[in-house]
Amino acid sequence: AETTAPSVYPLAPGTALKSNSMVTLGCLVKGYFPEPVTVTWNSGALSSGVHTFPAVLQSGLYTLTSSVTVPSSTWPSQTVTCNVAHPASSTKVDKKIVPRNCGGDCKPCICTGSEVSSVFIFPPKPKDVLTITLTPKVTCVVVDISQDDPEVHFSWFVDDVEVHTAQTRPPEEQFNSTFRSVSELPILHQDWLNGRTFRCKVTSAAFPSPIEKTISKPEGRTQVPHVYTMSPTKEEMTQNEVSITCMVKGFYPPDIYVEWQMNGQPQENYKNTPPTMDTDGSYFLYSKLNVKKEKWQQGNTFTCSVLHEGLHNHHTEKSLSHSPGK
């Protein structure tokens, strides 16, 4: 094989660094023949924290990496350079390590998982979809955005047709010095219920390529929920606070909204279990309202209100109250 000089790439972290931390910088020495190469840092002035890994032979050429770990107070405020020598080709290369982002035309760089942005898409809230006076929204969230490149651009598509009605908030800085960006697309109730597909496309200078996420209503035959209410048990009546329970079963899809009223007034002191798949593939959940025992004993009317697309007008409710003598 003929003598081949190496290509040298500086390796830098993908995001800005916290103060009082250590930072690992690297040099990738790629595609040379024959061995050896030597790698020093700042012409040998940096020697502690250096790791030069054994060369790997691939397709007749060698590649190796060398790294150095320095305090973030040292870099990038002070210059760090890797010095590569390949005697066989009389090559000497000095590469200064400069801060850079992962992505775009960036050469290989050291990126840990926590420094790579993630994109998530969320469905509209069932209450918004099933209430004609509310506006359902599909939400796209980007997290772990580098403060070097906090700007991201959202594009939205409904069944592959681009729409321009989304509301995008400015990036918000998080406690870990990364940014978070949120875009919300208001949608038509029937577009979601009819199973149209919503796609969020996110582009950024920090991404090698756009990231896309898609969401739509779960497929399957709609099944109507059955609603049952249960009074507090006799054993529980020894307590100061009692539980009124609503069981909702046999519904599909799992998107559902359950809330409580007392004498027509909304109540807050309740908890719902997540919709859980039953043995027949439909879903069920329990909702538990906690009330003061005297409120129950006074004969107040408690109503479990359910919103689901399988119901007439998307709504049903079941009420119960204490009957003296029970």
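Every residue gets a Cβ built from N, Cα and C, even glycine.
According to Swiss-Prot, the protein has these features:
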{"type": "REGION", "residues": "1-97", "note": "region 'CH1'"}
{"type": "DISULFID", "residues": "Cys27-Cys82", "note": "disulfide bond"}
{"type": "REGION", "residues": "98-112", "note": "region 'Hinge'"}
{"type": "REGION", "residues": "113-219", "note": "region 'CH2'"}
{"type": "DISULFID", "residues": "Cys140-Cys200", "note": "disulfide bond"}
{"type": "CARBOHYD", "residues": "Asn176", "note": "N-linked glycosylation site"}
{"type": "REGION", "residues": "220-326", "note": "region 'CH3'"}
{"type": "DISULFID", "residues": "Cys246-Cys304", "note": "disulfide bond"}
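Taking the features listed in Swiss-Prot, we show where each one sits on the structure.
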residue: Cys27; record: disulfide bond; contacts (Cβ under 8 Å, 6+ apart): Val8, Tyr9, Pro10, Leu11, Val39, Thr65, Ser66, Ser67, Cys82, Val84, Lys95, Ile97
residue: Cys140; record: disulfide bond; contacts (Cβ under 8 Å, 6+ apart): Val119, Phe120, Ile121, Phe122, Phe154, Trp156, Val182, Ser183, Glu184, Leu185, Cys200, Val202, Lys213
residue: Cys246; record: disulfide bond; contacts (Cβ under 8 Å, 6+ apart): Val227, Tyr228, Thr229, Met230, Val258, Trp260, Tyr286, Ser287, Lys288, Leu289, Cys304, Val306, Lys318
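Each of the disulfide-bonded residues Cys82, Cys200, Cys304 was ranked by the number of other C-beta atoms within 10 Å, and first place falls to Cys82. In the three-state DSSP scheme, Cys82 (disulfide bond) falls into the strand class. Residue counts for the region 'CH1' (1-97) by DSSP state, with H, G and I taken as helix and E and B as strand, are 6 helix, 53 strand, 38 coil.
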